[in-house]
């Protein structure tokens, strides 16, 4: 999560992080008027469609085997058209063109079918050369004095965002008097498997172009999105114990990661959260973290630090310091651990050392984690 005032990578650097767009072609569900006799002949010439359907539901597509299937379905989809061309006396080139059109339709048919057969929802954001996608703001929820949750509708109700755990999106806004658009990355807070929408938690910063624009948006208005930007690829039990050190809105990728771990019954990873804020009111997603702590007391612990704590506050005060981290983090010599850091520039500098660029984690020399004995390989900076 980016903070206003933080030195941001250029648009070109951000877009380089986007994975190449991958086209997916899947088995079929389609009905259209065709010549049954023509279709039967076409499928016999290829091979039984049922066999191919089974292959596409269980195996990745390979270049050679697609041709026969597409050709067969193209013949079936375009059979009526082919019959018309031949019997109208049109020349062979028109027939070939019709066949090409039918094959293109067949690929679309196959693509839609595999998604349905495998139960895989279609992604709204696919990266690569997709470009920016305009999403409509559905609703706005006030979270606290300077933070709102924005729900944007995906183009189709049955689509997922296309993001993996803890990955991010790029947002773009260009006002009427702006020479260049404002580009900001955000980590959504809704479950990546939910369909139809994407949720962002956005804190308003003074002179923050994007955050001020979003806080002024009304339902029905639109914002441009591009993504996903992959971050740390998580798989169940990748580490035995992880620590999440966060400040302010840097909590969003941490929440995504923690939620993914605890919603998976096969993932037994232990999680320690250290979360710094200015006031108690600034603590985002506290209820969600309390629910995890109550449900998984042996595996999840949360420690909160406030810069301006109330008198009755019993948690940490001031800044996240060496003494606190030494007490609550898994020891550096512990096998298979990972320390994640996300927050404002000052937090990175003190705790983990800054990132050099979106693709370069930088060193940890001179940081608190380095002084405590952690290695560069044990630390990841969002």
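Placed from the backbone N, Cα and C atoms, the Cβ positions cover glycine too.
What TrEMBL says about this protein:
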BINDING   184, 185, 186, 201, 203, 210, 211, 252  FAD binding site
DOMAIN    130-235  domain 'FAD-binding FR-type'
Structural state census, the domain 'FAD-binding FR-type' (130-235) (DSSP three-state): 8 helix, 45 strand, 53 coil
Those residues of the chain, 6+ apart, with a Cβ under 8 Å from that of residue 201 (FAD binding site): 143, 147, 148, 149, 189, 249, 252, 284, 285
Binding-site residues listed as 184, 203, least Cβ neighbours within 10 Å: 203
Neighbouring C-beta atoms (10 Å sphere around the C-beta of residue 252 (FAD binding site)): 25
